[in-house]
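J.: What follows is a single structure, and I will ask about it in a moment.
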Amino acid sequence: MNVFLYPGQGAQYPLMGTDFYENSDAVKELFDIAQKETGIDVKELLFNGSPEDLKQTDNTQVAITLVNLASTIMLKEKGIDPSGVAGFSLGEYAALATAGVVSVKDVFKLVKKRGDVMQSVCEGLKESKGETGMSAVLRITPEVIEDVIKTSGIDGVYMANYNSPSQTVISGLKESLLAIEPLLKEAGARRVVHLQVSGPFHSPLLEEAKNQFEDFLSTITFNDPQMPIYSNVTGDIIKSGEEAKKLCGDQIICPVKWISIENKIKEAGFTTAYESGPGKVLTGLFAGIDKEFKSIPSGTLEDIQGIQE
């Protein structure tokens, strides 16, 4: 049984997905839909855009969703179909489309709006609370990090991504992230790496973005999933369209429970994961939990042509 995994923000790079565009009429149609629904010239962005253009969150969210879904088209053209799906943060939107929860047209409307409100709220936070950010904490368990945050007395630091047993991302105010760093190292963290992001994603600091996005969510039709799809917020299967809609709002301020998702995927009996989108981050995270589990990067034409069925 195959599960498709969709990467999120940070996986982008110039020219991603252009090999798919040049080799598939269905992918060309997908580019047209993305451009029509978002107003972004996605072909220009991916073929000629700079790393800085792609890093703007309103561009990034559309571009990654487009390449995630283009990769799925190419996998299906090779005869590889998913029996379940999961996406990391933004990647969950490509999963929602693949599982039939939202239409392809609507998924581009959703990620465009999500990018817009997150960028706007992050800019407002910078003015009202100062610099914000995210840091990866390495070689220490999530439980120890939770305890350090709880006992530190430092406000404005939150758990953001449970990536693997030895890699966690925290989110919050820049000064709070800097203040907690020595405490994390005292507790055993080997390294704390500041990430190049434009805001404190997956934290309560983005409550205003959640509220604005929920207003927009109410205008979109959500259907019940046609296959198992795993939620970042709960770490478990999404049971209905209504639940999916609620979780899209919650996801903006809640941590990504990726370890739970990986464990649920293994328990469900999936044997192969295809990383349907740019990069190899999710393949690497799976290796951090279970080196025996087969996970295959599928973000380029070369990747997909090299898959042995």
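Keep in mind that glycine also has a Cβ here, set from the backbone N, Cα and C atoms.
Automatic prediction, not curation, is the source of TrEMBL annotations.
Pasting the relevant annotations from TrEMBL:
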DOMAIN    5-301  domain 'Malonyl-CoA:ACP transacylase (MAT)'
ACT_SITE  Ser89  active site
ACT_SITE  His202  active site
J.: How big is the Cα-to-Cα gap, in Å, between Ser89 (active site) and His202 (active site)?
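T.: With distance taken Cα to Cα, His202 (active site) is 9 Å from Ser89 (active site).
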J.: Non-local Cβ contacts of His202 (active site) (under 8 Å, 6 or more apart, same chain)?
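T.: Residues satisfying the criterion: Ser89, Tyr158, Ala160, Asn161, Val169, Ser171, Gln251, Ile252, Ile253, Cys254, Pro255, Val256.
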